[in-house]
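A short write-up of the structure that comes next.
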Amino acid sequence: MEFNKARNIIGLRVLSDNVIWLMAKDKSVVVIDPSVHEPVIRYINENNFHLEAILQTHHHSDHIGGTKSLIEKWPNVKVIASSKEKKRIPFQNVSVEDGETLNILGEEVKIIEVLGHTSSHIAFFLNGENPVLFIGDTLFSGGCGRIFEGTYQQMYSSLERIKSLPKNTLIYCAHEYTKANILWALNLKPKDQDIKNKLSEVEKKLSLNELTIPFLLDEEMKINLFLRAKNLEEFTFLRANKDLWV
């Protein structure tokens with residue numbers, strides 16, 4: 001379990017490498033991409049929270065696998081997902097579109113469409129003094145999501161959108177992939193000191209059984225080769241290369 005005390009965001013490690021994020025305020029909590037339900041229910045009950053909403057970035061089973069059971073336990077919970085995902089996330093009851101804003105836990109949350117990994121992937125952005133982005137599988141520390149349904153152009157454009165956000169944005173992705181991503185980047189850029197430093201930082205955190213996520217956008221732009229790509233051609237080469245990395 002990991003904490004961000006500035007916004008009371010909690011990370012639950014589940015499955016092999018998933019992280020379920022929960023954000024609490026007073027006695028209400030929202031959960032992002034619940035791949036399973038048991039640890040979420042346990043945490044909510046232990047802390048006497050009320051589940052206000054479930055935020056779904058996309059339809060993959062390791063992101064929605066626990067949602068139905070959470071709905072059974074809290075029938076009035078809001079399930080927020082892309083309006084384009086009504087067939088694949090049929091239990092959504094708040095359908096949203098790119099650019100729309102919602103009030104969640106008393107804060108304004110903006111919907112940002114980040115296509116590429118899937119054809120209707122969205123992210124949830126909270127602005128302010130300590131901006132936060134729940135990005136699902138579009139961006140990882142040192143990497144980006146595989147392109148399953150979208151196009152290279154869509155993913156590249158999505159990353160450009162992310163880069164335009166405030167540089168102090170803290171980014172919450174849904175998987176602990178950092179070390180593998182950094183090792184791949186070092187294979188391509190073996191003399192890059194920023195990436196070398198990142199690997200040392202990551203290995204230290206992992207040795208202490210700590211998560212390497214979330215991560216700051218400003219720092220990520222220095223070490224993430226996908227964010228450093230100058231054009232679509234360079235991005236396409238990098239993504240194709242990463243797909244072959246073992």
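Each residue, glycine too, has its Cβ placed from N, Cα and C.
In the record from Swiss-Prot, residues H58, H60, D137 bind Zn(2+) 1; the candidate from H50, H117 listed for the same site is H117. Spacing of H117 (Zn(2+) 1 binding site) relative to H63 (Zn(2+) 2 binding site) is 13 Å (Cα to Cα, whole number).
Set side by side, the binding-site residues D62, D137 differ in how many other CB atoms lie within 10 angstroms of their CB, and the most is found at D137. Neighbour counts of Cβ atoms within 10 Å were taken for the binding-site residues H58, H60; the minimum is at H60.
Only D137, from the binding-site residues H58, H60, D137, place their Cα within 10 Å of the Cα belonging to H175 (Zn(2+) 2 binding site).
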